[in-house]
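> Can you read through this structure? Questions will come right after.
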Amino acid sequence: MNIVILAAGTGKRMRSALPKVLHPLAGQPLLAHVIDTARTLKPTHLVVVVGHGAEAVRKAVAAPDVQFAVQEQQLGTGHAVQQALPLLDPSAPTLVLYGDVPLTRAGTLQALTERAGQGGYGVLTVTLADPSGYGRIVRDAQGKVARIVEQKDATPEQLEIAEINTGIIVAPTERLGRWLAALKNDNAQGEFYLTDAVEMAIEAGLEVVTTQPEDEWETLGVNSKQQLAELERIHQHNVADALLVAGVTLADPARLDVRGTLECGRDVSIDVNCVFEGRVTLADNVTIGPNCVIRDANIGAGTRVDAFTHIEGAEVGANAVLGPYARLRPGASLHDESHVGNFVEVKNAVLGRGSKANHLTYIGDSDIGARVNIGAGTITCNYDGANKFRTIIEDDVFVGSDTQLVAPVRVKRGATIAAGTTVWKDVEADALVLNDKTQTSKTGYVRPTKKKS
């Protein structure tokens, strides 16, 4: 099977320099959703027709299995499909999809292609309470499809029809090419309508078959920011509903955003206003507090993530405690039972089993062993303005508050670093290291006061 995705439109009502099909829904372009769905049908040829913003669209969705055809002038859907014909297998049917209709289920498309068969013409339709703006499905006395009439070309009687054309069709490719070549643009829009091929198929002796989706929202398109926002909420509702069915506890399903894939184990609990981006895995008994953002991360079983924690590109072991207000940046790896507390940032660093950094700390480019205590205000000084260096802290080290570790440096097993120490040389095992500082007290000191004006 061939699949053609039309993505050449200007999207004027979006009022944006970004091509319409590249506006994000759930964290990825509208067009990417359509391509992902198309791939599940395993097409032999997958062609995207580009036009407005062609280079940006190519760059955004380029892949080995995606070919591109160019519609230099936007002369209608029939003209757009014509541009893809040279890239298609003429002996296989062609399914036509739209880059701004992102929520159609693969099963809906599969049902349409199966109904049409190898040589039939199939149209995906839907019956709406308010069909305004859509092409109407006109049927004959026997209930068979006779033609599709666009809204601007419809008679008052035809405007009363509630069954509308979604634009998604499947047709035999070789014959479709001949029908498209015969299209005329003598209509209100002055365009070559793909829908006009229906009458040609009927004249050629084909019965045009139809199927309908399970839900109306599967065929909704995006022409404005309002519609984009509506589809975002529909999609997020569907994601939340699937998580609930799978046993995930959501404090409020309406206040969850999944912008990628979220895999959850048993007894996972997610509080309000959390955002998950990229690929995120939450193992059994993970608890996510409110207002967290987690991107491309794996969280181990029993771990608790408290409020306002941001995690990106990190691996977290089992029974860890994060936050509130913690930040894990790419390359952070926290082993089992580790703690990263409020206003602690970890980047490209390993925190060993049972190690804790509970307050006001930066750990970057570091390897920290097991059972290490990192005191409040500790900083790993890893950057000299040009190069990054690593700090190595072995097992059972105690790092006092307000310590600066100037990398490259190693603190060996069991060492103790006194509060307020700057460490720029390696520390031996079980040693105490401190900077000698003299404390001076002056009795009877009078604090300066501001002069009164």
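Every residue, even glycine, has its Cβ placed from backbone N, Cα and C.
Positions annotated as active site, proton acceptor by Swiss-Prot, on the basis of sequence analysis: HIS359. Among the features that Swiss-Prot reports, UDP-N-acetyl-alpha-D-glucosamine binding site is placed at 6-9, LYS20, GLN71, 76-77, 98-100, GLY135, GLU150, ASN165, ASN223, ARG329, LYS347, TYR362, ASN373, with the record citing sequence analysis. Per Swiss-Prot, Mg(2+) binding site is recorded for ASP100, ASN223. According to Swiss-Prot, the acetyl-CoA binding site annotation covers ALA376, ASN382, TYR383, SER401, ALA419, on the basis of sequence analysis. Annotated region 'Pyrophosphorylase' per Swiss-Prot: 1-225, in sequence order. The region 'Linker' annotation in Swiss-Prot covers 226-246. Annotated region 'N-acetyltransferase' per Swiss-Prot: 247-453, in sequence order.
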> Given a Cβ distance threshold of under 8 angstroms, which distant residues of the chain, six or more beyond its ends, lie next to the region 'Linker' (226-246)?
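Answer is 14, 23, 25-26, 30, 102-103, 217, 220, 253-254, 256-258, 262, 264, 270.
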> What whole-number distance in angstrom separates the two most remote CA atoms of the acetyl-CoA-binding residues ALA376, ASN382, TYR383, SER401, ALA419?
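Binding-site diameter by Cα atoms for acetyl-CoA: 22 Å.
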> On the 0 to 100 pLDDT scale, where does the region 'Pyrophosphorylase' (1-225) sit on average?
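That region's mean pLDDT is 95.
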> Of all the binding-site residues here, ASP100, GLU150, which one's CB has the most other CB atoms within 10 A?
ASP100
> Considering the binding-site residues ASN223, ASN373, ASN382, SER401, which residue's Cβ sits among the greatest number of other Cβ atoms within 10 Å?
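Result of the Cβ crowding comparison: ASN382.
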> For a three-state summary based on DSSP, what are the helix, strand and coil counts in the region 'Linker' (226-246)?
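So the region 'Linker' (226-246) is made up of 20 helix, 0 strand, 1 coil.
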> Across all chains shown, how many C-beta atoms besides its own are within 10 angstroms of the C-beta of LEU6 (UDP-N-acetyl-alpha-D-glucosamine binding site)?
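For LEU6 (UDP-N-acetyl-alpha-D-glucosamine binding site), the count of other Cβ atoms within 10 Å is 27.
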> Looking only at C-alpha atoms, tell me how far the residue listed as 'active site, proton acceptor' is from ALA419 (acetyl-CoA binding site), rounded to the nearest Å.
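Spelling it out, the Cα of the residue listed as 'active site, proton acceptor' and the Cα of ALA419 (acetyl-CoA binding site) are 14 Å apart.
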> For a quick check of packing: other C-beta atoms within 10 Å of the C-beta of TYR383 (acetyl-CoA binding site), how many?
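Around TYR383 (acetyl-CoA binding site), other Cβ atoms within 10 Å: 12.
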> Near ARG329 (UDP-N-acetyl-alpha-D-glucosamine binding site), which residues of its chain come within a Cβ-Cβ distance under 8 Å, counting only those 6 or more away in sequence?
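Once residues fewer than 6 apart are set aside, ARG329 (UDP-N-acetyl-alpha-D-glucosamine binding site) is near GLU312, GLY313, ALA314, GLU345, VAL346, LYS347, ASN348.
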> In whole Å, how far does the CA atom of ASN223 (Mg(2+) binding site) lie from that of ASN382 (acetyl-CoA binding site)?
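About 49 Å separate the Cα atoms of these two residues.
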> Of the binding-site residues ASP100, ASN382, ALA419, which one has its Cα closest to the Cα of GLU150 (UDP-N-acetyl-alpha-D-glucosamine binding site)?
ASP100
> Just the number: how many Å between the Cα atoms of GLY99 (UDP-N-acetyl-alpha-D-glucosamine binding site) and TYR383 (acetyl-CoA binding site)?
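Cα of GLY99 (UDP-N-acetyl-alpha-D-glucosamine binding site) to Cα of TYR383 (acetyl-CoA binding site) measures 45 Å after rounding.
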